[in-house]
């Protein structure tokens, strides 16, 4: 039998169950191909292959468009179609938590590689892997002063964590003006961090190909920088949705914002580990 279900926004719908059966969507498959194009473009760019910039640009544009379209459909399901019942919202929260868990494992691999290279360096000698003696970082590498730009970036991200928490608190208190203001500040801080990181890369004394230290450094900090850019885009979407009044406080009616805040705090935490181990210990 069907039953009338009242959601957090007081819009009743008639369903035979509380769960949301999604409609067929092209975005998962298209996003997979877009990511493949992005990876091919990234590898081509690193090796200086012909047309590498065009392939990389096409990959970035494709991924952004697919994610925008996918998220747009999810927002539509929640706001227009009122499909996000309590079990659906719980499932979405579990999914986001599992996604962040995979991200922890993802960055854990970079830290494992860094510590393996710095604490137990090995090399191939006459066909046998042997432990090599030396110094870390290698003497040919001129490292960054951790208390210069890296320290400034640390303060920026810590401050951005405070502003995104302020935005969440303002939303819970139904203060739309403060919520929008705090989100704008967080976005500006994220852009400032990315700019400082790009400046640091531009003035770096070593390249990606200058040994294991450089490879580990650019992989770890570069992927973190990519996550900051993604998180900033996530917050920009939340900013416009907050201005439009999409978010409510009843029944977790602001999952999009909550997920953006979780993701941003995760980025902050990863940077603290990078600053401590890659910049301070690594130098």
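Along the chain as shown, the residues are counted starting at 1.
Each Cβ is built from the backbone N, Cα and C atoms, and glycine gets one as well.
Between the stretches 27-45, 122-140, TrEMBL puts its transmembrane segment entry on 27-45. Listed stretches 27-45, 51-71, 149-167, 219-240, 261-281 were compared with the transmembrane segment (92-115); the greatest number of C-beta pairs under 8 angstroms is found for 261-281.
Taken together, the residues of the domain 'Heme-copper oxidase subunit III family profile' (15-283) have an average pLDDT of 88.
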